[in-house]
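Peer 1: Here it is: the structure, laid out below.
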Amino acid sequence: MKMRKRPNILLTGTPGVGKTTLGKELAQRTGLTYVNVGELAQEGQLYEGYDEEYQCPILDEDRVVDELDEKMIEGGVIVDYHSCDLFPERWFHIVFVLRTDNTQLYTRLEGRGYTGKKLQDNVQCEIFQTIYEEAMEAYSEEIVHQLPSNSPEDLESNLEQIVQWTEQWMKDHN
Ligand code: DAT
């Protein structure tokens with residue numbers, strides 16, 4: 001029996017924009033598999049050092065890619081990560097960059113316990129649309145979409161749009 005073809009979706013954006021919230025619910029509604037790259041790296045200790053300035057481990061990108069490649073080739077994976085240029089372009093059928101207004105993002109990240117430089121740099125990352133630009137460079141522009149992620153209404157609307165896109169993709173490819 002041949003498996004139905006299923007798309008791979010990348011959810012990216014500055015920390016705190018709502019990737020995890022969207023990704024988990026999307027997995028529920030589509031049956032696709034949700035993968036949080038931060039957690040995957042943590043579980044497998046896929047690190048290659050420690051960043052003293054940001055006080056966080058440095059991802060071993062090659063090992064992360066190796067770890068995921070087989071699953072990505074199979075298809076049907078939702079990947080959640082706050083950066084996007086480490087992944088092979090061939091992995092993804094569509095890329096969503098979530099965007100949050102900076103005052104709102106500030107409040108969310110403060111709530112997560114971020115302070116000082118880490119808080120400022122992440123809010124600035126969103127203001128400068130760093131991840132959107134990274135995505136536009138790393139992937140074909142036609143597959144990169146920005147999604148507002150400020151409210152529960154935005155979340156629901158994003159979910160509905162992506163569920164619909166996924167269903168259409170599966171019709172077109174099976
Ligand atoms: P990320 O995975 O991008 O770091 P998250 O999913 O953990 O972000 O969400 C960060 C916080 O923001 C969390 O408290 C849930 C909240 N949140 C997520 N999406 C939201 C939305 N569309 N509207 C309001 N709050 C949202």
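The backbone N, Cα and C atoms fix where each Cβ goes, glycine too.
All TrEMBL annotations are machine predictions without curation.
Residues or ranges marked as ATP binding site by TrEMBL: GLY16, GLY18, LYS19, THR20, THR21, ARG112. Feature annotation from TrEMBL assigns region 'NMPbind' to 36-59. TrEMBL lists 111-121 with the feature region 'LID'.
I would like each feature placed in context: is it buried or exposed, what are its neighbours, and how far apart are things?
Peer 2: Within the same chain, the residues at least 6 positions away from ARG112 (ATP binding site) whose Cβ sits under 8 Å from its Cβ are PRO15, GLY16, listed in sequence order.
If you look at the region 'NMPbind' (36-59), the same-chain residues 6 or more away from its ends with a CB under 8 A from one of its CBs are 20, 23, 67-68, 79-82, 86, 117-118, 121.
Predicted-model confidence for the region 'LID' (111-121) is 95, expressed as mean pLDDT.
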Peer 1: With every protein chain in view, how many other Cβ atoms are within 10 Å of the Cβ of LYS19 (ATP binding site)?
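Peer 2: Its Cβ shell of radius 10 Å holds 26 other Cβ atoms.
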Peer 1: Long-range same-chain neighbours of GLY18 (ATP binding site), Cβ under 8 Å, sequence gap at least 6?
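Peer 2: Once residues fewer than 6 apart are set aside, GLY18 (ATP binding site) is near LEU98, THR100, SER149, LEU155.
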Peer 1: Assuming the binding residues for ATP are exactly those in the record, GLY16, GLY18, LYS19, THR20, THR21, ARG112, what is the maximum CA-CA distance in angstrom, rounded?
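Peer 2: The widest Cα-Cα gap among those binding residues is 15 Å.
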